[in-house]
Amino acid sequence: MDMLGMFCIRACSGLGALRTATRVRSLHSVPGITVAQIDEEVAKLLELKAQIGGDDGKNQFVLKTAKGTRDYNPRQMAIREKVFNTIISCFKRHGAETIDTPVFELKETLTGKYGEDSKLIYDLKDQGGELLSLRYDLTVPFARYLAMNKITNIKRYHIAKVYRRDNPAMTRGRYREFYQCDFDIAGQYDAMIPDAECLKIVHEILSELELGDFRIKVNDRRILDGMFAVCGVPDDKFRTICSTVDKLDKMAWEDVKMEMVKEKGLSEEVADQIGEYVSMQGGMDLAERLLQDQKMLQSKQACAGLSDIKLLFSYLQLFQVTDKVVFDLSLARGLDYYTGIIYEGVLTQAGVAPVSNEAQNGAPAGESVSVGSVAGGGRYDGLVGMFDPKGRKVPCVGVSIGIERIFSILEQKAEASAQKVRTTEVQVMVASAQKNLLEQRLRLITELWNAGIKAEVMHKKNPKLLSQLQHCEESGIPLVAILGEQELKDGVVKLRVVATREEFDISRADLVGEIRRRTSEA
């Protein structure tokens, strides 16, 4: 490279520190340079400067979150926190304890556990002799945790972020970084009792969150595999056909059939036989009917799955949740690790006219329109054994709550109702009516904090009383403890109820008890 070229590279790299005029003058010092060359290089510098932007040469950053991620403002976080509290309370009510695992795992831990979805795993660069990947869900890390610690019995919940290199649809609560809320029961128990409890938990959470009407679809991997076998699907295509059937909640049957035939190589006759079964829905009666089906009787595993579905429904009747549960043969759930019962909680859109089978992806006419899955899970008895050196299996069943979609729904409901969402839990504002009372305010708020009262004080020496009261109204703070010279002399605090603007003189000794009483009643 010639001297002029090297100079221009150095000049270009220093655009942020030197002004253009300085660099132009510097070009004259290059030996043998002509005016035409100077003009040419100046043009190049000006073009580069325009690309970089700004006279000061500072890089112009695009201020945005990464694709498939989002920030959450205090109002949104208040909604999220309320949802988390509801879910955690339910998990604890059912006796669960919590664990945590690293946000990334050894790549080999995650490889081969998710079927066709494995392509969505985020791989990390080798930073120290280990090939790592961001966790795709909380189930595989849980299985690794059980095998590594030789745990054979636990009822646990885990709430944490997971990562998927997916095409995000953020308006429908689909992200690349999102929370999962998992509840799992690991251990050797009698059939369908822990499975029924997981479905009871889904019912409780979706009912308490008041998201609208919902259904919990139930199926069994053994029934699916048996159905595929008797319909003529080759053994080596069970998993890939299962992944295609799993798309029935998003695609019409004709599109699913086309994928089976054109992409997966099934004959039309086999696909049509599958279509007859996956259109079936019902309850215990459907399981009994299929146990008399001549084709299904050819598969021992299908019959075992159908018998367990019958048993499951008998327990669900005792748990009083059968009004929301439906046995649905179209439910597949594409993850490879499921071995038995599978289920999915689906919200149904209220107030929508019934639709035809063709319009609603093969759903029975007269049913509500599906707006999306908000919970899913199933039994995965073989996953822990994949990590155990001796292949020892720990039976597991669990459920994951689709928290991001729930957040999206509740945020939309809050926006539509224009309801005020409190972003803090402050119970009382310590205010002053006159100047020069900062020390007294700080002493009082220290007393309240030490007593466990959630309190706030303005960070000004002499704030106006009106400003302090307006802050309470805007923030939803229910009470104001007002100090004035007279109150200090009398040993009282004027307690103001923000909503009604009533005021009461309360002795300093009784203030904590009065605040607790009034805020517990609110």
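The backbone N, Cα and C atoms fix where each Cβ goes, and this holds for glycine too.
The L-histidine binding site annotation in TrEMBL covers D137, L138, T139, R164, Q180, D184, R333, Y337, Y338. According to TrEMBL, the domain 'Aminoacyl-transfer RNA synthetases class-II family profile' annotation covers 39-410.
A map of TrEMBL features onto the structure.
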residue : record                   : Cβ within 10 Å
D137    : L-histidine binding site : 19
T139    : L-histidine binding site : 26
Q180    : L-histidine binding site : 19
R333    : L-histidine binding site : 21
Y338    : L-histidine binding site : 26
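For the domain 'Aminoacyl-transfer RNA synthetases class-II family profile' (39-410), the model gives a mean pLDDT of 86. With D137, L138, T139, R164, Q180, D184, R333, Y337, Y338 listed as the residues that bind L-histidine, the site has a largest C-alpha separation of 21 Å.
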